[in-house]
């Protein structure tokens, strides 16, 4: 209560922040007459003047008023669009590295030009991140006209470009691209075999469009570069025959082979099911008599069984995926769009392929991966913009250190958001929706009906056809018609059914899309024809406004309030009238899982008839609380994943830094010499423990190991027989001397220059191979670590401890393999070096995936394509290496061991 009174008296924190920025707007506006008076050349010359001032030490904050005034004037001259005062506030929020929440139709794309122009003056590059390639190309071409007018260069990165094209795009002052492409380019750069193969510059400043989609919804889905792993697809087909014979357990402790946890999107085998499955597997010849499913040798069976069980019980055709051209195409849960080329990981995609009877593509082994959370936290300054961020403000702050500021609208919003109507059954709900649509169509009101799945959109379309109501359907199956359907969605009486595809980034103009109509006329259209089209559009526009504007109908509440708000946001843009209402039933997923009992009891107490609905703010609150529960659960999952991924990320930073140093070094012989010395020393210590007596020595074992692992045939026993004075220290020195002599002989034969090249090539190849194997081992560790909880151990602490031990082991193994290879191999000429390089360059076999990640707690982090959040969060700033910075030898090692870098991962170099 006191908080509410204080807000009324003093205003909210958001209001106070906006007021402070409004003072800066006055300074920008005061410069407008002076800037308007400049010629085009004088305006363009300001860019170079600003750059010189930055080089002389002026900060971007100092330049902001004048730079914003210049960008606004350039936009007015080039595009005929002048930034409103509220858009200037949005630009300042982006410059400060915050998230600007701006409502639909408020011109987010134009707002970004202000901060982009200002930061491009630093010459360090600006990345503008969009959700798809179409928007990246469109915005680069559209807004690029402003930047090019002001003398700045613009690039765009999209899949399929050559290395030279990508490099040129990243060298530009401003680079547009998708989150996927920026992330994949980072991974590819860290797999490059030559310094000139890398394309990205430092990660200085980025503006993320639709920031909630990228940093929240997609945070559970890592980017993965993978290569094929040899594994038979037959096991998936055998499991897909077994799973339909299993029975679901409907109630706790009831009969059944498995039960579903729909909240966590996981399937679990019961005790009874365990026995039944073993019998079925034995009948299929997959399990020996007397063997247990959970024997160590049968881990692969458990993996395939779990994947098949999830595929059959939790993933539905036309909801979670489509079958197109004999392939499984994932449907994004949050956008409703098909995502060809994206695959679920951990065998789930293959299990769905087996279920649908389409060709099973081979599983892949991870070569490199990163989450969006850890990729975007590498930028020195990160900003974002979206129409719906306020509900996730805590997560943005907690994970990324990003503050959310709501920007006021240019015109007041007058949309009427009506309370939800809740029915007992889905049939009653759809009857009411059809009635509402009929009324709107008769009164010239356009209607947008939002559904949560392709299946629901087709079901509603069937009902509308039966009622003889003309309509358009927009879902992942007919996405190629999207532009035409959206252009006509604002016509008087138009009815459009759409999945979440229409919820984000689509602009429905009342009366239809005038620009699209004018574009259809062609360049040779007469002035009279153009004026006629404009008059017709104005008449339609006025009719729709008089009828009440666009009416948005939601057929089901989404797990996230943001997605619902995005759907509502299609109506009431730029001060237009409009309305929205959600129709729900107790059979809807959200209510069934989270709020069904309470709502059902309420309906029974009210003695409701068939077809009656509850309409009450209290009901809306119950539903909102259910959504809050899901959002809190999803946040916990994302936070949990991040805690685990941060361990892998620390290791990734160490490996990638070492790799960069290797790549940039012309001569790695000092590193190789140190490694050889360390490895030979540790091998000797294995067989001749320091400080031990002669009887404890295993000289024969040492001889054998030196020959088999390093190609060194040393007669150690003969030396000892011939020289009684040889003790541990002198024997050690003699072995080292022989090893060095052997290696120098190799150098004389091959030539120093050839051997230096070969050393570098071998080190890179072994580093990549051991890192790949380490990633696979880390994946296996993650999958089973939650079981430590049953032993009263903290899975996170156990994971950190074991992951660190595995990392240390990997580094030791890497050194031993490099030294062994270099000692054994015969380098004949430069062709050998080229052969190693060619083998390493096999980029063609790689796949680039934005793959489903599972929760590391053993609870399912995800069903479909993504859910998420990205973060600049609780990691201490000292541990966050700026891109490419070298760790000091005496600094704490970033892998988290607590040791100094030189005594830990720095040993590698």
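Cβ atoms here come from the backbone N, Cα and C positions, even for glycine.
Per Swiss-Prot, the feature ATP binding site maps to 87, 105, 106, 107, 108, 109, 507. Counting Cβ atoms from all protein chains shown, residue 105 (ATP binding site) has 21 others lying within 10 Å of its own Cβ.
Swiss-Prot lists 834-909 with the feature region 'Disordered'.
The compositional bias 'Basic and acidic residues' feature in Swiss-Prot is assigned to 837-848.
Under the heading compositional bias 'Gly residues', Swiss-Prot lists 859-871.
Here Swiss-Prot flags 893, 895, 904, 905 as Zn(2+) binding site, drawing on sequence analysis.
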Show which residues of the chain containing residue 107 (ATP binding site), separated from it by at least 6 in sequence, have their CB under 8 Å from its CB.
-> 81, 83, 84, 87
With H, G and I counted as helix, E and B as strand and the rest as coil, say where DSSP puts residue 109 (ATP binding site).
-> helix
Counting every protein chain present, what is the number of Cβ atoms, excluding its own, within 10 Å of the Cβ of residue 106 (ATP binding site)?
-> 24
Cβ atoms other than its own within 10 Å of the Cβ of residue 87 (ATP binding site), all chains, total 27
Binding residues 87, 105, 106, 107, 108, 109, 507 (ATP) - maximum C-alpha distance in whole Å | 18
Any idea what DSSP makes of residue 507 (ATP binding site), helix, strand or coil?
-> coil
